[in-house]
């Protein structure tokens, strides 16, 4: 899922943190790619014309293998050296999210069956993509393929994004590659997005710089993690009523998630107490007397006391109705963020989620060796052609490209030889009288300055 709304916040408040590149400009870079995200992406995107996943004659799914083989070759052809990182055991806190995803897949299956009966082809395709699930077999087959391609793959103890971030921090790779923005929350210094997208999409590679993002948001790393949790992450139920703008405002106003949670819980308790007090007041109010027709007096007129009582009753009912309307209106507004109606779930262990981001379960970068060698061509033919039904000609051509580009001596990048110095800011413009004389020079002033004489003011 990633972090909801984070990209939009960075575009608005830290635009300098995001750059777009053509893939060709990334030659010479080593990148740790979130393989688990890539498998899911390939199972959804690599399809037949009828929208079904690619399969061989035996009915086995091959979309993930097709995606990994050809997209990796494209990456390598552009001078990039990829290393793939696979998910390990998910954190305990994530199990609730995973169970909800399972429920949604089951719902999509039922809706998909119904769409086959009465829906359109587009409906069937949409629901079938929602039922995609990455299996243990998918992971094992992709790992086998990558080893035959001689592309490094790492099995993370837990979250793949966290391990990618660790490899980038440790200098093993230049950047982490993933579509999940929580890779930044795991402290990846550089994040590449869209790296494994198909060439047909013509989607530029998005590079996000964490340091520039923190500077633009005016936050330290701890506050950034707090912001990401408040926006909505994989480990906690999202807080209804909190959007990107309100989340940023709350963190800036209170300084951290601990203070934000305390503030929101206090406001929720105050609203609850106020509502209970109003309910008690309404319960204590006397019920209006029933309308009973009173007999006329001797003059044929109603008693004046009865008229006064009726008027009081009428006013009381009108006041009660108005109060009820105001209460309903207030309750409706209170559901959003404007009237402090944000409700934090009773069970919301944000401290535990924060520890997962700040101290993730990863293999230290200095204990990981990434090595790119010659591919096992005959092994690839045996696996992809004999076992999975791929075209032998295309597999051998792909293997030739891998051999050529993985072993080619990479051309050095200019930014590896030079240190880019920040541009010196121009001196501040003078204000008030005499400002014009310090601005654009008039004719003759250059000569006056060159001779060391001070130009006379007119």
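Including glycine, each Cβ sits where the backbone N, Cα and C put it.
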Mg(2+) 1 binding, same site as 34, 159, 161 - Swiss-Prot member from 87, 218, 220: 87
From 226, 234, the one annotated by Swiss-Prot with 180, 182 for Mg(2+) 2: 234
Arithmetic mean of per-residue pLDDT over the region 'N-domain' (1-105): 87
Of the binding-site residues listed as 47, 71, 180, 182, 234, the one whose CA lies nearest the CA of residue 34 (Mg(2+) 1 binding site): 180
Entry from the binding-site residues list 47, 71 having the most other CB atoms no farther than 10 A: 71
Entry from the binding-site residues list 159, 161, 180, 182 having the most other CB atoms no farther than 10 A: 161
34, 87, 159, 161 excluded, remaining Cβ within 8 Å of their centroid (Mg(2+) 1): 36, 37, 85, 156, 158, 160, 162, 163, 164, 178, 180, 183
Of 47, 87, 161, 232, i.e. the binding-site residues, those within 10 Å of residue 180 (Mg(2+) 2 binding site) when Cα atoms are compared: 161
